[in-house]
Amino acid sequence: MAGTSKTDQKAALDIASWLFNVVTSVGIILVNKALMATYGFSFATTLTGLHFGTTTLLTTFLTWLGYIQPSQLPWPDLLKFVLFANFSIVGMNVSLMWNSVGFYQIAKLSMIPVSCLLEVVLDKVRYSRDTKLSILLVLAGVAVCTVTDVSVNLNGFLAAAIAVWSTALQQYYVHYLQRKYSLGSFNLLAHTAPVQAASLLLVGPFLDFWLTNQRVDAYNFSFVSLFFLILSCSIAVGTNLSQFICIGRFTAVSFQVLGHMKTILVLVLGFTFFGKEGLNMQVVLGMLIAILGMIWYGNASSKPGGKERRSLSIPITKAHKLNSLSETAESDEKV
């Protein structure tokens, strides 16, 4: 009975974590679309820096109140994480500028195979045949929905490759650092957000000027655009936190697979609120295929042997040895 209760509690927390991520992620996409497309605030990298700046203010305040306990994250690991995360953000922005929308979507889809490769090589994870096939079905469905024109150039390909690998490494590192140093989601965010905010706010205005030929300091704010900017920064705190929670509870691959549900949801909401232009049988078919693939993945990966870690090769520091042993047992149950 106790085992069943614990399983039910874990399932409820998993669902709550995922819903938190979906709501905040979809919310920030819609708010940013209004801010950038309607009000012309096209400074994506600077905006991300402001997001992490707002997150830093919250984590600092919660630390001061005592809700976030002191923890340690060595500078080499912190800088490595921030390097991957910032290259991911910059790479995605440059990739979107230099590539067609179709190739940009293909690059995003390729993150799942890359994340799988990282887990296989670094964590010795083994996938069953059904799990592999379900991932391919999700990729096929989202590709049918989103990939239209596909054109490639060398600069765009290199930018996409940097974006894909850095994003996959950043998401892998979230799970890795939480297990290695027994860090909670708020703890990890408190370590990483200030460094990301400082670096992105330093580089962002120059990168955005290069991408858009517009200066962020010359932007003419209105009351409504300022409201959307504040709303975007507020929602981003939840988005950043929920990403760390989900990857900590699941894995980078599961986060990517389930993340495509957000792609489908954004498409549905886009057709609902912004008109049905582009909605056709191909898009509907792609949505159905992707949803079936996600259901299949959830079922296949949760079965014995569906996805298992053969050994956990993470060096454990003495300070975190006991906590890491308990987290190891829990992480082997994650899908």
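Heads up, the Cβ atoms here are built off N, Cα and C, so glycines get one too.
Caution: TrEMBL annotation is automatic and unverified by curators.
Feature annotations, courtesy of TrEMBL:
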TRANSMEM  12-31  transmembrane segment
DOMAIN    23-297  domain 'Sugar phosphate transporter'
TRANSMEM  43-66  transmembrane segment
TRANSMEM  78-96  transmembrane segment
TRANSMEM  133-150  transmembrane segment
TRANSMEM  156-174  transmembrane segment
TRANSMEM  186-207  transmembrane segment
TRANSMEM  219-241  transmembrane segment
TRANSMEM  253-275  transmembrane segment
TRANSMEM  281-300  transmembrane segment
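Sequence-distant contacts of the transmembrane segment (156-174), counting only residues of its own chain at least 6 positions beyond either end whose CB sits under 8 Å from a CB of the stretch, comprise 77, 80-81, 83-85, 87-88, 91-92, 94-95, 98-99, 103-104, 107-108, 110-111, 114-115, 118-119, 122, 188, 243-244, 247-248, 252, 255-256. Taking every recorded stretch in 12-31, 78-96, 219-241, 281-300 and counting its Cβ pairs under 8 Å to the transmembrane segment (186-207), the highest total belongs to 78-96. Under the criterion of 3 or more C-beta pairs below 8 Å, with sequence separation of 6 or more, the transmembrane segment (12-31) and the transmembrane segment (219-241) qualify as touching. Mean pLDDT of the predicted structure over the domain 'Sugar phosphate transporter' (23-297): 86.
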